[in-house]
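Just below is one structure, and these are the notes that go with it.
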Ligand code: R5P
């Protein structure tokens, strides 16, 4: 049985339509702002689906409350499916006195959940902080299905070397060539990109990344590809975090922008629900 948190309401109709069995939960707010949850039924095993985009902290607290409520109703095994995992980018101490935030969140969730499933975690190594079974699911299949026909005999690129495995996973499903850009981050808001070692002239190109935030990375990559003579430039990412105006800026720079629905946005055209229902 699936229990849907308020950060996964946008997935509920499709989950039901595809045969997912939902255990209803009431989620509201007390007048003082605190969250109230109540599960309307019981199940020995349950899977809480909760994406932890903004308001991240509220979504995380809901996960804890839902787990506690399910345990109260006799649940013995709980799984958490967290399509977008908040704090995943804070995976190291950069200034003395900072926490490793992703570790803190993983450890907390492990108190309540036996298993954790996430999509395309920024740094998959951080799953080790969850004391239990922890799985990083790949959206490569659904991204390849969405862009396969449009790409034709094109190329799949990652915006930097660290994301190469994402481009590789999509390209291998489509039997296409793949490579990556060299990306140097000059400041938090500025990145410098260098050309890839693959010929994109006259070819359609799909750039794949885990997150689009300001859109700066994708826009630079797209502009460079245009200079290199690429035909159509498509952009895909797992998580559309999107800073103010980013959707418009990226959309203007490329032929098509599509992200998955780990976070609901106007361009969340690729669904991860089929992957969730396979669990
Ligand atoms: C960085 O390591 C991530 O994988 C993304 O490339 C980054 O978050 C994209 O940020 P932006 O859209 O602001 O360039």
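Keep in mind that glycine also has a Cβ here, set from the backbone N, Cα and C atoms.
Automatic, uncurated: that is what TrEMBL annotation is.
As annotated by TrEMBL, active site applies to 183. In sequence order, 159, 160, 161, 191, 192, 193, 194, 217 constitute the residues six or more apart from residue 183 (active site) in its chain with CB-CB distances below 8 Å.
For residue 32 (ATP binding site), no same-chain residue that is 6 or more apart in sequence has a Cβ closer than 8 Å to its Cβ. Feature annotation from TrEMBL assigns ATP binding site to 32, 33, 34, 89, 90.
Marked as Mg(2+) 1 binding site by TrEMBL: 122. Taken residue by residue with DSSP, residue 122 (Mg(2+) 1 binding site) is part of neither helix nor strand, so it is coil. Other Cβ atoms within 10 Å of the Cβ of residue 122 (Mg(2+) 1 binding site) number 18 in total over all chains.
Under the three-state DSSP scheme, residue 160 (Mg(2+) 2 binding site) falls in the coil class. Residues or ranges marked as Mg(2+) 2 binding site in TrEMBL: 160.
Taken from TrEMBL, the feature D-ribose 5-phosphate binding site covers 185, 209, 213, 214, 215, 216, 217. There are 12 other CB atoms within 10 A of the CB of residue 185 (D-ribose 5-phosphate binding site), with all protein chains counted.
Taken from TrEMBL, the feature domain 'Ribose-phosphate pyrophosphokinase N-terminal' applies to 9-110.
Annotated domain 'Phosphoribosyltransferase' per TrEMBL: 145-239, in sequence order.
According to its DSSP assignment, residue 185 (D-ribose 5-phosphate binding site) is in a strand. Proximity of the recorded positions 34, 183, 216, 217 to ligand 1, judged by a Cβ distance under 6 angstroms to any of its atoms, singles out 216, 217 in sequence order.
Highest local Cβ density among the binding-site residues 33, 216 belongs to 216, counted as other Cβ atoms within 10 Å over all protein chains shown.
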